[in-house]
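Pulled these from TrEMBL:
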type	residues	note
ACT_SITE	Asp314	active site, proton acceptor
BINDING	Lys20, Ser21, Arg25, Ser164, Gln166, Asp314, Lys341	3-phosphoshikimate binding site
BINDING	Lys20, Gly92, Arg120, Gln166, Arg345, Arg387	phosphoenolpyruvate binding site
DOMAIN	6-420	domain 'Enolpyruvate transferase'
Amino acid sequence: MEIISIQGPLKGHVTIPGDKSMTHRAIMLASLAQGTSIINKPLLGEDCLRTAEIFQSLGVSMQFKEEQLQITSPGFKHFKTPHQALYTGNSGTTTRLMAGLLGGLGIESVLSGDNSIGKRPMNRVIEPLQQMGVKIRGIENNYTPLVIEKGLIQGIHYKMPVASAQVKSAILFASLFANNESVIEELDMSRNHTETMFAHYGIPINVSSHRIVLPGNSIHHIKATDFDVPGDISSAAFFIVAALITPGSDIYLHHVGMNPTRDGIIEVVQQMGGNLEILNQTNTPEPTATLHVRYTPHLKPIEISGNIIPRCIDELPVIALLCTQAKGSSIIKDAEELKVKETNRIDTTASELNRLGFHLEPTDDGMIIHSSQLQTLCEVDSHTDHRIGMMLAVASLLHSESIHIKQFDSVNVSFPGFLPILKQLENEG
């Protein structure tokens, strides 16, 4: 139980911690390459630490320094065979991407996570990997633990049935070890960090429109390379919304990742009339910018649907909170993917905000959010979902009293410093 009492306005400057998705991938790619790589400004939350620990058990050296992770690897050809289950914790990214990577390598292993991961379906990863020749199965039908055995890997031509960066990335990591070409086609583009980072680490990947081509034997091109991790826009989202809904707020968020497959929340805020300015944007494969955000009293309602959904899927709970402050009803749809996150985020977002007096109606693929105000600060629950916990903390800014959030320590999965930064902005206000 965490008792949170934050009063606005929020003012000041914040450098956003490293992106979780990119930190995972940087650890994986640096570990596959022989030699030493330095990852600057990584996110060392619980999820990314699970990925690092797995590679340590495979024989990779990790040295953690302030805002830096030094990885020295013998290279993928010299990985050890693990003698016990590899623990992925609460991390869907670790579980699914490592399934592809270990399956492609043919390392006999078992991937096992916590209770939350045990409830998340893995068939969407298992099926394409099996088509490639990966010997993988879930002990409990299509759920973890996942058992991986040595197989003969072939390339694949795969049309993605849903926009999922984790499934796409699992296939790409397995494809590194195939003798022939792999082709992935996406109807709706999901986040493309794996593609940009493969290129950064020397892997010859070709991306055009909605088609990704990876030549056979691509793994042999990988090189130890340093990588600077941009700030996580999913983490920045909580401060963006906090400033927009809290009277008198005026904040600057620095080093925010602005990858065009992740910037859906920026588009949503702009369409709602939010006072958000983009400054100093870089022109790089993984661009960054400073965001200047100020309180906006008259937000417009919005319909969020279609191909913007994959670009803001993780931000939808806090976007739903933002929509409660619009002058009219907003709609989120085409967001069925929310049902298979750490929780069913359609249900948990609606139920927890409704407990506070807001008015949200869950639907099969999203929710209807009515203009409403926080009425009471009863006890609420993160349901061990880090993004629900942080969203509820932001909601407390709409009331003068403290809020009690059960299982708030779940925020350590992605953002251990969330509450101290929120309090820092309060103190500067």
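Glycine is no exception: its Cβ is also placed from the backbone N, Cα and C atoms.
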Validating a neighbour-count step here. Other CB atoms within 10 A of the CB of Gln166 (3-phosphoshikimate binding site): how many?
22
Would you report the average pLDDT that the model assigns to the domain 'Enolpyruvate transferase' (6-420)?
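A mean pLDDT of 96 is what the model gives the domain 'Enolpyruvate transferase' (6-420).
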Give me the CA-CA distance between Arg387 (phosphoenolpyruvate binding site) and Asp314 (active site, proton acceptor), in Å, as a whole number.
8
Taking Cα-Cα distance, which of the recorded positions Arg25, Ser164, Gln166, Asp314, Lys341 are within 10 Å of Gly92 (phosphoenolpyruvate binding site)?
Gln166, Lys341
Relative to the Cβ of Lys341 (3-phosphoshikimate binding site), which residues of the same chain, six or more apart in sequence, are found under 8 Å away?
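Looking at Cβ-Cβ distances below 8 Å from Lys341 (3-phosphoshikimate binding site), excluding near sequence neighbours, one finds Gly92, Asp314, Asp385, Arg387.
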How big is the gap, in Å, between the Cα of Arg345 (phosphoenolpyruvate binding site) and that of Gln166 (3-phosphoshikimate binding site), rounded to a whole number?
18
With a 10 Å radius around each C-beta, find which of these binding-site residues (Ser21, Ser164) has the fewest other C-beta atoms nearby.
Ser164
Between Ser21 (3-phosphoshikimate binding site) and Arg120 (phosphoenolpyruvate binding site), what C-alpha distance do you get in Å?
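So the alpha carbons of Ser21 (3-phosphoshikimate binding site) and Arg120 (phosphoenolpyruvate binding site) sit roughly 18 Å from each other.
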What's the longest C-alpha separation between any two of Lys20, Gly92, Arg120, Gln166, Arg345, Arg387, the listed phosphoenolpyruvate-binding residues, in angstrom?
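Max Cα-Cα spread across the phosphoenolpyruvate binders: 19 Å.
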Going by DSSP, is Ser164 (3-phosphoshikimate binding site) sitting in a helix, a strand, or coil?
coil
Any idea what DSSP makes of Arg387 (phosphoenolpyruvate binding site), helix, strand or coil?
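Its secondary structure by DSSP: helix.
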Determine, to the nearest whole angstrom, how far the Cα atom of Arg120 (phosphoenolpyruvate binding site) is from the Cα atom of Ser164 (3-phosphoshikimate binding site).
14
Say we define neighbours as other CB atoms within 10 Å of the CB. Which of the binding-site residues Lys20, Arg25, Arg120, Arg345, Arg387 has the fewest?
Arg120
